[in-house]
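**Q** There's a structure below that I have some questions on.
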Amino acid sequence: MNTVNKTALSNLKQNKGKNILAGIAIVLTTILIFVIPTVGFGTMDVQMAAINKVFPTFHGMYRNVDFQTAEEISHRAEIETMGLRQDPAQISIPEGSGMLCYMDDEALRLGKMELEKGNFPKGGNEIAVSSGLLEAMGIEAGVGDTIELPYQPIETGGIGYEKREDFLISGLLPTSKEQKELKVYSALVSKDFMERVQPVKERKYRVLFRVSGADSMTKDQIKNVYRDLAADVGIVEADIADNSEYLLANYVDPAFYAGVAAILLVVIFAGIMTIYSIYYISMIYKVQEFGKIKALGATKRQIRQIVFREGMLVAAAAIPIGLIIGSILSFVGFRYLMTVYSPDDTIGIAVRQLIDQHDVPIFKAWIYIMALAVTLLTAAVSMVRPMQIAAKISPVEAMRYDGSMKTRKKGRKGHSEMRLVHLTGANLSRNKKRTVMTIITLSLTGILYMVLSTVLSCADPVEIARAAMFDDFEVSIDSSRGDKMHPEREWTAICQNNPLNGEMEKKIAGIPGVKKITKSSEAEVRLKDLKDGEELWNTRIIGIPEEYADEMEKSIVEGNCTYEDLLQGDKIIMDENMQHWAPDWKLGDTIRIIVGNGDNSIEKSFEVAAVADMPYSLNQFCNFLLPKSVADELGGYNMDYHWSIAADKKEVKNVEKQLREITDGQEFLKLETYEEEVSTNKKTTALLSQLCYVFMVVLGGVGIMNLVNTMINSIYVRRRELGVMQAIGLSEKQMVRMLQLEGIFYTAGTLVLSLGIGNLLGYLTFLNAKKDRMFGIISYHYPAMQTAALIAVVLIIQLLLTYLIMKNFRKQSMIERIRFSE
């Protein structure tokens, strides 16, 4: 072992206090750098695996594709793999509907088709049916039995005459709850049957496919690939269907990675500041020692190497501890995050199975390597300035060096009467850079804490729930827009036979405890002067009843408009959120809309009478507002979309039970309750709060190490000075008070910056969150409890630290203190 290594190792042993503090800071930094990506990416991977286990894994589907086009698609480089589905016939089912389908092996795999028993059809008249289909047909049979089924071949002009044929059951398909409720079933047939029943010219395949190289693409990039391919081979936009659930789960928005990177940068910056500050402040009081080494012949490079290697030895010992603790915390935190899924959630069940069976690895080698490398780099960067200080000073200067800042002043201000506050000020001003650095390092954590606390306190679960629902219950239409796999779920289709009709109103109004039903409607329109790509922008207009007129007028932020003004039919209110998509639209502009499609479309114009910041309970996520009567005229049908139901407080449970009984049997209705909304919001806010505050505790611990180091060095290096002052009359009580005043200065400086800047940034963050509707935030709530907690924690830490240091300081006699550094 050479002299440099021996000296570094000796310093490591001698400076145990400083190195323990630096080690703790490195451990905490390692924990955060490891835990954040491990939990983040682990959660994402498990969710992806669960989605892949439950949902079909194709990216998209083309419909109405002839065989030649399908062949061309299969040879395109953009397609990784594809499967074919063809529906040759429709089954005649009493009080229901069914389809005979053929799917090739790849389509079966991509579609996640599974059998409860038996095998998929291979040839002839083999068929795989579900028990639900057999029950609906009044047939009792199993695998190996022959059954007779009526079917109608699908032809170019429509559906052909009914035929009957015997089929051999080769397998049983599962029957979902949704199939039973909707009474819609399907059966799988062989390729032989499909080709016999349906001529080549009449076959229109559905092509299920995966895009090549999708792992390195975003969701939008994948969509662009297969949409461009469709345009090349002549497939129209209407025949392209996205597998939205799968794409959303598997192809993460780049903003997720940017968010993780931003959090890691905050942690790295805090780590660098703290570790640097610990070594910098310690170095101030070690310069004399390095001056002596330099006088003995050590070069600048050797001095730098001694400082650097001492720091790296600390990091080498601390990082493995941080990785071990981080692994334990990641496992616990990951398990805790998975509790957000309800017991009956399909994805939640799959997630729990994957975790219990250890099918998805949470811990990844690259994260261990990344955490190790980044923490080592953080420690190395932190050592640069201390290394420079130790190396550049000459032996003569080093012997006189006391860490004081150089000043141009030739005199020093004196006092006719020396007081404790003067002594405290003299020590703090001796090295202003050290003092400022300590306060700033602590304040950064406090500022971030106040910003997070402000956001979390503004996310009031009860307030958010009330803004989403006016009353106790809401029965609304369960529709979807742009789902080409299920066009029957479009609102334009549902409104033609709206389940929210007079009969439904009688049922609900007849429930004991129901006080009133308030109806809102929705009309789906296109904006003539705004485009989404090549298409006109689709949006919805909410039609509110007169009961909501006061709430509407209160939400107006620009302009002036009453409910009566809107009844004229030529004015409209625009939600300010719409200005995000159309920033040029303003008060007084004319909005041109198109209602309907093709020959049945009509154009209407409205003047923007007001711009409003509407709660969700009022606008229901629509961008424009009209009176209900005007919106109903636009649609031409029964346009009721939301029924808000108020109930007697004593009958809420009974009303909920009966509403569920009514809506459970309705395919296009959904029930939401105020209590569930509050409960969901509380659970989400509590989870978010716990994650944020745990993060802040660890990050705060990094900063506290700096305060501990500053106080310890400030007192122990001045042992001789304090001993001399005690010898000339400074009492122990006065010394304790002097040290407490120093601590109060750090505490006050930290709190002033944390609360001052933190509250300002917190309010600005609230304004931005409110504008972007983040977490449903509506109004500002000052984080009083969190502020009190911050003040209390900082004061307690400071008092405890002073007490422990003085307790240890008292163990030395006055003579030992005066002889210090001799």
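For all residues, glycine too, the Cβ spot is worked out from N, Cα and C.
As listed in TrEMBL for this protein:
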| type | residues | note |
| --- | --- | --- |
| DOMAIN | 262-385 | domain 'ABC3 transporter permease C-terminal' |
| DOMAIN | 694-808 | domain 'ABC3 transporter permease C-terminal' |
| TRANSMEM | 20-44 | transmembrane segment |
| TRANSMEM | 256-281 | transmembrane segment |
| TRANSMEM | 311-334 | transmembrane segment |
| TRANSMEM | 365-384 | transmembrane segment |
| TRANSMEM | 436-456 | transmembrane segment |
| TRANSMEM | 693-716 | transmembrane segment |
| TRANSMEM | 743-764 | transmembrane segment |
| TRANSMEM | 784-806 | transmembrane segment |
**Q** At a Cβ cut-off of 8 Å, and with pairs 6 or more apart in sequence only, do we get at least 3 pairs between the transmembrane segment (365-384) and the transmembrane segment (743-764), yes or no?
**A** no
**Q** Of the stretches 20-44, 311-334, 743-764, 784-806, which racks up the most C-beta pairs under 8 Å with the transmembrane segment (436-456)?
**A** 743-764
**Q** Counting only residues 6+ away from its ends, which parts of the chain sit with a Cβ under 8 Å from the transmembrane segment (311-334)?
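**A** That would be 8-9, 12, 19, 22-24, 26-31, 34-35, 38-39, 42-43, 275, 279, 362-363, 368, 371-372, 375-376, 379-380, 382-383, 386, 691, 694.
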**Q** On average, what pLDDT score does this prediction assign to the domain 'ABC3 transporter permease C-terminal' (694-808)?
**A** 77
**Q** Tally of helix, strand and coil residues over the domain 'ABC3 transporter permease C-terminal' (262-385) according to DSSP?
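**A** Its residues fall into 105 helix, 0 strand, 19 coil.
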